[in-house]
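Peer 1: Sharing a structure with you now.
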Amino acid sequence: MVDQIARLPRTASPLFPGFSLDSVRRGAEAILIPVGALLATAIVFGLFVAAAGADPLETYSLMYRGAFGTWFSWQNTLQRTAPLLLTALCVALPAKLGLVIIGGEGALVMGGLVSAAVGAALIGVPPWLLLGLMAMAGMAAGGAWIALAGALRQFRGVNETISSLLLAYIAIALMNHMVEGPLRDPASLNKPSTPPLGEANMIGSIPGLDVHWGLVFGLIACLAAYVLMQRTTFGFGARMVGGNVRAARMAGLSVTTLSMITCFLAGASAGLAGMVEVAAVHGSAKASLVAGYGYTGILIAFIARQNPLAVIPVALMFGGIAASGGLLQRRLDLPDATILVLQGIAFVMILASDTLYGRFRIFQPRG
Amino acid sequence: MNAPFLRTHANGALGLEAVGMTKRFGGLTALDDVTMRVSAGSFHALLGENGAGKSTLVKCIMGYYHADQGQVAVGEQEREIANPRDAHALGVGMVYQHFTLVPGMTVAENLVLSRSHVPAVVKWADERRALDAFMAGMPFRVPLDVPVSALAAGEKQKLEILKQLYLKNRFLILDEPTSVLTPGEADEVLGLLRRMTREGKLTVLTITHKFREVMAYADEVTVLRRGKFAGTGRVADLSRSDMAEMMIGAREIPHGASRLDNAIGEPRLQITGLKALNDGGLPALEDLDLTVWAGEVVGIAGVSGNGQRELVEVLAGQRPSAAGEVRIGGELYGATRAEIKRHRLCLLPEEPLRNACVARMSVAENMSFRSFDDPPFARGGWWLNGSAMRGAARDLISLYKVKTPGPDAPIGTLSGGNVQRAVLARELAHDVRVLIVANPCFGLDFAAVSEIRSQIMQARNRGAAVLLVSEDLDELFELADRILVMFDGHLVYETPTPDADLSVIGQHMAGH
């Protein structure tokens, strides 16, 4: 008995092995700094709203009502949270390897386009099979899109941040071309789109909620991403590459393989978001797929500090902000770009707050 | 008969007193009531093991840390030094272990840049005249128009010192100034500094654990042990063993393992025609042939920058080879994880935090880099078993005496010596068949040094093929069975250690 106690490290609590005050300090730092940045965002955005002629407090209370005030607004929020969870993963996963991928929008669009094309081509097969094939096609397309950015980085030394962003523009242009040309449904007149899937082939709602199953896919993907990175040998290798590529090479890990697989998974996640948007919301691929979910996902991943579990609450918050946009426009007569202003301020604040880590003594380990 | 304590020297050198310095980090007392007096115009050595508090003391003096107790007097009066800028204003400067120069800028630009007030428009013609005049008055020179990246380590170190003098600092703190220099360069730099102290222009406080340099250059020495003052005195009055005893206390110094007369086995590591490029794309290694047999230590001597780093990086898998092949046990070797495991290849690279660790991962995780995908750390080859990792790490931590708050502490928070021990524990935890070592004792105190050397010798005695790349000739003479000299990317000389002649090796290192 005495021996066992002596073996415990000094700072560990006997009740929770591996628990120590220092990890609480680090954890508090990782939570309080982003929260502080969001408070600063709220103040600056309040000033903006006041300058635009609205009452900031009324604005915030409306935003709350629009996002979480009623059951209806909750459903609206959750509906928008679903793709955000997936596009945030498209940033958070490669970030573990030190890659800054910001082209989730492109992977989402490719996923949506290819899954819609597959869906249109295979109409007639049983809905479950159709949706399964569409999901696989969407994930493969999105995965390939981001893997392309990863390959350019690995084999040609092209900066993955810039190439993924440019690939997103290419993806959007490609979709517009396909939707207006080869894949256009002749019946879609004003708003060109691919042939509709039909009500029977759409992803339904979660029983009891008026929210489609995409939310569940997103939550599962976040949990799976967390487990993959923290609990598996693959994630261990990925974290080694992200932490110090020289050490990873010395351990004999294949940096190329780990990067390519991770980029593929990241793109597959955004591609799934595109497939869900097609199969649960729009019913076909069309220009309205480009709704900025990919870009909001970047913001969410950064606020969540690239942690797949932290992505969940942050995505919920931004789902809420997006859901409340319409209400702000109708009630306060604010321009519809107001929400984008808020996101922009939040992004700048979060990036600026990154420099504060390690600056506050209270968060530093004592040892 | 002590010389009187001087607060200032007529020729400009400053004296410094730090009295009753105490510094606590949380529950740990890093510095406990330490007093050090450095007379103006003296060459003072601050000696101590890793974690003895040398750096902490110096950082308190420089204003990086705020001492909990104690006073610092510079020159004639007590001073409040709140930050390094205050220290510079008083004429106290520090040269760090790592270079603080901008590689892409020329020497002249680096010097002008280092001033606290650089004018918005630099009048280069005037600056050039001032710099030429400054250089003319210095005991050693560095060419002004060369970019810093083109300077050798010794010249960079000289430039760091020149920079401090250019900033008109009259009390110079050097943090292990010779760890990046060859013995010849070290002698040159230290000799010049000593001359300046003799002339009363400068006071030097140097942190070191090289006895040779203390004996040869220092006037006085202050020794710290575990954060406490352990002794001081004039170097002339002290013997090596007096200082060693002050430094490590009554503890016994572990002796290096003795070399066994074991039979040499088969050729285990064979390198033929190897070529590799440096970061600039130029050949760093060419036509390199080398065989290391099981049960021997092959030492590679050479001035740093002659291709040793690239050789180790190729073997580590951190740099692709441009031509040639590496075979281990007859099989082609490409530094994949499977090959590393199959051949039981272990590597102790220099700068372990940069080359072999992930700073933000925990000590336990860092210790399992070689085996995280094997049972018991991986269940089913896929699921990590964190508690098994932590348990194994705890054993290694106690076996290799790694000082860490626990296995979950990020390894980046450990001191350099303890990071080195953690890597050593990881690499030598299992049976080793091929061991590649590069400057394993860089910046380590001498108890740690002899421990690491004994581990290397034990691996050899157990039949491992050991390739030891070192810039420390004493180390090579102690450990190696054969010494090879590397110059300009080629192996230019080979000799069995018993027949080795230091001056011949030195000539080949210099390219003669």
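The backbone N, Cα and C atoms fix where each Cβ goes, and this holds for glycine too.
Feature list, courtesy of TrEMBL:
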- A:30-54: transmembrane segment (TRANSMEM)
- A:81-99: transmembrane segment (TRANSMEM)
- A:106-123: transmembrane segment (TRANSMEM)
- A:129-149: transmembrane segment (TRANSMEM)
- A:161-179: transmembrane segment (TRANSMEM)
- A:211-229: transmembrane segment (TRANSMEM)
- A:250-273: transmembrane segment (TRANSMEM)
- A:285-303: transmembrane segment (TRANSMEM)
- A:310-328: transmembrane segment (TRANSMEM)
- A:340-357: transmembrane segment (TRANSMEM)
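Have a look at these and tell me how they're positioned relative to everything else.
Peer 2: Counting residues 6+ beyond its ends, the transmembrane segment (A:211-229) has Cβ neighbours under 8 Å at 75, 78-79, 81-86, 89, 92-93, 96, 203-205, 235, 238-239, 265, 269, 272-273, 276-277, 280-281, 307-309, 311-312, 315 in the same chain.
Cβ atoms under 8 Å from those of the transmembrane segment (A:250-273) belong to residues 82-83, 85-87, 89-94, 96-97, 99, 101, 104-105, 107-108, 110-111, 114-115, 135, 138-147, 149-151, 153-155, 214, 217-218, 221, 225, 228, 234, 237-238, 240-241, 293-294, 297 of the same chain, restricted to positions at least 6 beyond its ends.
Among residues of the same chain six or more beyond the transmembrane segment (A:285-303), those with a C-beta under 8 A of the stretch's C-beta atoms are 34, 37-38, 83-84, 86-92, 95, 102-109, 112-113, 115-117, 168, 172, 175-176, 178-179, 183, 188, 191-194, 270, 273-274, 277-278, 310-311, 314-315, 318, 322, 340, 343, 346-347, 350-351.
Outside the transmembrane segment (A:310-328), and at least 6 residues removed from its termini, the chain residues within Cβ reach (under 8 Å) are 59, 62-68, 73, 76-82, 84-85, 88-89, 92, 218-219, 222, 296, 299-301, 303-304, 334, 336, 338-339, 342-343.
Residues 29, 33-34, 36-38, 40-41, 44-45, 48, 292, 296, 298-299, 302-303, 318, 321 of the same chain lie 6+ residues outside the transmembrane segment (A:340-357) yet bring a C-beta within less than 8 angstroms of a C-beta in it.
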Peer 1: In terms of Cβ proximity under 8 Å, which residues at least six beyond the ends of the transmembrane segment (A:161-179) contact it?
Peer 2: 100-107, 109-110, 112-113, 117, 145-146, 148-149, 152-153, 192-194, 285-287, 289-290, 294
